[in-house]
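Novice: Structure incoming, see below.
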Amino acid sequence: MPQLGFGVWQVPDAEATPAVTEALQAGYRSIDTAAAYGNEGGVGAAIAQSDVDRSDVFVTTKLWNADHGHDSALRAFDASQSKLGLDVVDLYLIHWPTPARDLYVDTWKAFVELREEGRVRAIGVSNFQPAHLQRLIDETGVVPAVNQVELHPYLQQAELRAFHEKHGIHTEAWSPLGQGGELLEDPVVTEIAARHDRSAAQVVLRWHLQIGNIVIPKSVTPARIRENIDVFGFELADEEIAALSTLDRGGRIGPNPDEFNGS
Ligand SMILES: NC(=O)C1=CN([C@@H]2O[C@H](COP(=O)(O)OP(=O)(O)OC[C@H]3O[C@@H](n4cnc5c(N)ncnc54)[C@H](OP(=O)(O)O)[C@@H]3O)[C@@H](O)[C@H]2O)C=CC1
Ligand SMILES: O=C(O)C(=O)[C@@H](O)[C@H](O)C(=O)CO
């Protein structure tokens, strides 16, 4: 899985095709969508129309909360696969643990079947806390390949990252740019950016890459799509990584996974 990919939350279906087309032209080879985003069709169309070989593109989609449970999960996968127009999905994630439903272990068993049948190459989760991960491992013996969670300099998830490291789970950061808000104006970020003659977004993405996170920045702006992948020609010094690592506030932009059960 490429360490840097392209996210499409809040991109309407019709706009997903030009956005993903632009991303593929800029060099992205990993796309992150979800059933809940309503744009799997637009993403699939861009991949089908592209000159880039399907085997060179890594596609992630996610099962939505209302589809938890063994049989529902298999039906939801059929729908996602059909909208994407793909024979095989590269990575399938449980979008949220949705603890009130208490079905994520059954859902995970269906995911294991999909992987055994070769319909997905890898299976993982999103927004899982350590206790949710531990329960999956204890009850099925199958460790998720990836946990995609909210992570940026203002929410660094140290405990979760340590759990991932211990169990060999890859950490994938959603909202890696803090949704383009205050973080990109933080003086610590902008000062480092000025020193490197780079943008604040590029510095934040470099921080993620250098501490080992997978990142999936989203943009519908062609110049930003290109800017966000142009991060392999410079490196942050250890003291710059350390300065960015002091910004942790433990504050979420998105919902708390222990409480979010939305459908
Ligand atoms: N598993 C989960 O529960 C979740 C997963 N995700 C995934 O993570 C992806 C990324 O997260 P997302 O919440 O979209 O937020 P990001 O942190 O990627 O920020 C996206 C926002 O930042 C702006 N932006 C992008 N690049 C730049 C730049 N270079 N300079 C300034 N502003 C910029 C975008 O504007 P514009 O588009 O107008 O250019 C957009 O408003 C999602 O698209 C989705 O795939 C996200 C949330 C939850
Ligand atoms: O974008 C996603 O992948 C999400 O799950 C979130 O948008 C989530 O649905 C949310 O923020 C609800 O308020």
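Here the Cβ of each residue, glycine as well, is placed from N, Cα and C on the backbone.
According to TrEMBL, the record shows the following:
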- Tyr37: active site, proton donor (ACT_SITE)
- His95: substrate binding site (BINDING)
- 4-247: domain 'NADP-dependent oxidoreductase' (DOMAIN)
- Lys62: site 'Lowers pKa of active site Tyr' (SITE)
Novice: Relative to the Cβ of Lys62 (site 'Lowers pKa of active site Tyr'), which residues of the same chain, six or more apart in sequence, are found under 8 Å away?
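Specialist: Lys62 (site 'Lowers pKa of active site Tyr') has long-range Cβ partners Thr33, Ala34, Ala35, Ala36, Tyr92, Leu93, Ile94, His95, Ser126.
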Novice: Check each residue in the chain of Tyr37 (active site, proton donor) that is at least six apart in sequence and keep those whose C-beta is under 8 Å from its C-beta; list them in sequence order.
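Specialist: Residues satisfying the criterion: Val8, Trp9, Gln10, Val11.
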Novice: By the DSSP assignment reduced to helix, strand and coil, which category contains His95 (substrate binding site)?
Specialist: coil
Novice: For the domain 'NADP-dependent oxidoreductase' (4-247), what's the mean pLDDT in this predicted model?
Specialist: 98
Novice: Hey, does DSSP put Lys62 (site 'Lowers pKa of active site Tyr') in a helix, a strand, or just coil?
Specialist: strand
